[in-house]
Amino acid sequence: MTTAEAESGMSGGTAIAASALPNQPAGERALSVLWSFAKCLGALLPVYLAGYYGFSISVVLFGLMIYMGWKHSRLEKVMRLKSAMYLLDEMTFTTEKDFRAKRDLRPWVNFPDVEKVEWLNKILQQAWPFIGQYLEKLLVETIAPSIRASSIHLQTLSFTKVNLGDKALKVVGVKAHTEHDKRQVMLDLDLSYAGDVEINVEIKKYFCKAGVKGVQLHGKLRVILEPLIGDVPLVGAITIFFIRKPKLDINWTGLTNLLDIPGLNAMSDTMIMDAIASHLVLPNRLTIPLVADLHVAQLRSPLPRGVVRIHLLEAEDLTAKDTVIKGLIDGKSDPYAVLRVGTQIFTSHHVDSNLNPQWREMYEVIVHEVPGQELEVEVFDKDPDQDDFLGRVKVDLDIVKKARVVDDWFNLRDVPSGSVHLRLEWLSLLSSADRLSEVIQKNQNLTSKTADPPSAAILAIYLDQAHALPMRKGNKDPSPMVQISIQDATKESKTCYGTNSPVWEDAFTFFIQDPQKQDIDIQVKDDDRALTLGSLTIPLTRLMETPDLTMDQWFQLENSGSASRIYAKIVLRILWLSEDATPTTPSPRPLNPGPGIGQGGMTSELNPMGPGGLGKPPPTRPQQTTPDPEFATEGVLRIHLVEAQNLIAKDNFMGGMVKGKSDPYVKIRVAGITFRSHTIKENLNPIWNELYEVILTQLPGQEIQFELFDKDIDQDDFLGRFKINLRDIISSQFMDTWYTLNDVKSGRVHLVLEWLPRVSDLPRLEQILQFQSQQSYHNKVVPSAAVLFVYLERAHGLTLKKNGKEPKVGAEITLKGVSYKTKICERSTSPRWDEAFHFLVRDPRDEAVIVKLSHSWGQALGSFTLPLREVMMEPGLVLDRWINLDGALPESQILLRATLKVLDTQLAVCRRAPGDEGEEVIPRWVPSHLDLRRRSGFNTADNANSAGQVKLTLSYSIEESKLFITVHACRALASCSKDGADPYVTFILLPDKKATTKRRTATKKRDLNPEFSERFDFDFSLEESAQRRLDLSVKNSVSFMSRERELIGKLQLDLDQIDLKIGVTQWYDLVAEAN
């Protein structure tokens, strides 16, 4: 470059700089010119220095290459960032375009009964700043002074910032219900608020700052405009409430950042939601009267619409969560169910180690609003730490109201498999006691495992006000509250402070088992619950004598002042199940549900067999039974608990300085049945010698769990556990070995396990009986010699009831103190049960089966006794025919099949043929090491370059509008050190500029086959979910200075390649970092 060119360039640069800054001061313009000159000099300096020191031109070119490479890399990074932003904008534009296309359609085309109200959202958006101004004024001028006056510690409280943000509340959809009551208008509003609200609070006295920055609220708000009147404003009052608890998420700031800690976050949000629920979630309502002289109490606390009786019967094919050996061997689950209707929540008992549990429990819920309210059933696996999710199902109670009885299987959602059997009965509310005795008689025939018996009525009490209550000592005004008790149920009203004429306006509802025997006990007390201000007892028989079963009046209080009285409205309603929906035990699950069963829904067609799955018997009587092919396929497991050795001493003395002993006992759990051994005092090497027998259905993954405990006065100490797969016992037939206890330092248990073959060989029965007579066990159990299977199909020609009606027939079958009952059939003289039972038989030569038939377990309809010797005389030890009933009509008969199977045992020495000497030696099974690689179905040698695998579940819930990603486990991870690895899983859903979708699991120490079982959810639409890309990494948790490898393997997965609506659960290969 020549000097002239350089001068020209410099002067040009100076001119440009000067012209670009005409308004700047002279000093700043001079600095700008100097900076331009310095940049030009800096560009020429490397060339000058290279020539001055005689460097090769290659050095200059090398420096130039480095500079160009940096420039290119920088430019490429900027381009990638712009591409990502362009893609995000394109996605937003596409989504908005799609929504506009749907919005352009008529509401009835897109949503048949839910309409969009964009005009209302525009109004809310326009008015939102002014709503924020009103809220700021309300908080600063009204709420803050009242808070400061409430406590001396809060006298310096002030709201330093109140900003509702720019994002307004949105009404996603509106559904109008006008078909139910012509005197009201009912609207359902789907509300969604994801706002950037910011509210800061400061307490200067304690230097405390706290606040909220960001709130999300989603829920369905019901607005009822009633009564409609013929004058302005045309509506008498507005009632609002949430049908279900809305979903709430709060982002805390300042000192309340502590509430965002996992655990405290859920607790704080739950407390706020409970506060909202106590005012705005059914059965609580907010009623705003618009005209004077309106009876607000009737609007605020109306009578319920009805009662639903829920029979939680059983479940089938649940997901196994308690896996063994890091998921290589499927285990069981310990399922229980949580049922919700509004704020009413019930929890069933849990069934140990069973994927097909039977609960047989009954619950009753009050339904306040239909349509709208739903029954939600969630099934969980009971665990010591966090319970695992097994699925959920929701049922619209409006369907139950229309059908009266719904008896069906419902598929569980958000899980690979599982279904639950429910029977739902809609009980209408009668305002007459004429049918009360009939209802009580029906309820006596209902049986369930729930402690509470069925209710015959509900009682609604609206507590309005009291007048002239007695004063406290010192002539001070009391702070009265009311306790209302019926039998064992007690409910309390709110407290009205500093008045002797309180106004409560509270409503209460009670279930009544028998109104003829129960009373209402009302106690008016001061807020300390010690001083009684008055009492009142009202027998329900007095209420039954009133017209319409209603009392709406003042009541004189007892043990109170002469003028003290209380005003209440008391309403009794009888619970009635219509005659065409008589309660029966629900039908068994059909083998093939067919297309009528939807995902988590109900059958689309009515069962042609009617409620309970029962039909009338065919005109021609069959001569033999037709049981299910699975009949009499169960087997018998015999468990001989022999002894234990080297158990841990738990009863220590002097703080552990003196070693003691233990008082061990064993719990055995199998197929929902629990056995417990007796306790052996102060022995670390106990000998139990106890025998247990159980009839089992051969199901995959079934296990027997053994747990040892030390018996103590307060809480028993844990001594160890282990599990045995039933499949191993069945394949080996006989196992005699020691099992090492897990989760403890030492200890082992000696067991003899035998899966007994079932034969039809009568001569073999004699040998077995002879052997059993020689055995002796500490728990005095006599080993069973046979198992009896009984199939009750139907009866015919039964007698009528005394009043001439057909009976509701149930059968009870008994053998040696063990009794089973069938379901109660609908009214018929030819009932059909199709039920199977099984019994363990000690000695078939001396035992007999007794079958009794009765009407609803009351009036006897006949019976018969079947000695098992008669079954032993039948070919193949199978009796299958009609049998005459004793104590009944001559034509009264019952059709059944009885199958007897002899339980063979290898311990009973087989006799040799005549002429042979000695006895046959029975080989003992010696367990060998199980090759788990052969069982797992995953061979690490198949892919030597793989970094392992990760098991994921990817699914989308349309009902909740959420994407769910569950990280189950990893297996065969690559080792990062001599100790293996401390793996955890982290992932992000691309594109994600701000990393808001980044998640990670817990860290599992020194485990190359970790189990996580963690679920993450994202509030995405289905379209947005399909456009995401899962970028997942399995990493090793290392310290800052560690040289161990951090990344174990990666996985990238496009979600548009997966059917998210169905959901996919599978293993995915991880790619090593080198690849």
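Don't overthink the numbers, they just go from 1 along the chain as shown.
Every residue gets a Cβ built from N, Cα and C, even glycine.
Heads up, TrEMBL stuff is auto-annotated, nobody curated it.
Computed from a predicted structure; not experimentally measured.
Not one residue of the same chain 6+ positions outside the transmembrane segment (51-70) places its C-beta atom under 8 angstroms from a C-beta of that stretch. What TrEMBL records for 51-70 is transmembrane segment.
When pLDDT values are averaged over the domain 'SMP-LTD' (113-291), the model yields 77. Annotation source TrEMBL lists domain 'SMP-LTD' at 113-291.
Sequence annotations record features per position, and here TrEMBL assigns domain 'C2' to 290-410 (among others).
If you look up TrEMBL, you'll see 441-559 (among others) marked as domain 'C2'. Secondary structure of the domain 'C2' (441-559) per DSSP, as helix, strand and coil residue counts: 12 helix, 58 strand, 49 coil.
If you look up TrEMBL, you'll see 582-629 marked as region 'Disordered'.
Helix, strand and coil counts under DSSP for the domain 'C2' (617-739) come to 10 helix, 62 strand, 51 coil. The feature domain 'C2' is assigned by TrEMBL to 617-739 (among others).
Per TrEMBL, domain 'C2' is recorded for 769-883 (among others).
Marked as domain 'C2' by TrEMBL: 946-1068 (among others).
Of the two recorded stretches, the domain 'C2' (290-410) does not lie close to the domain 'C2' (769-883), with fewer than three CB pairs under 8 Å once pairs fewer than 6 apart in sequence are set aside. Sorting the domain 'C2' (769-883) by DSSP state (H, G, I as helix; E, B as strand; all else coil) yields 12 helix, 55 strand, 48 coil.
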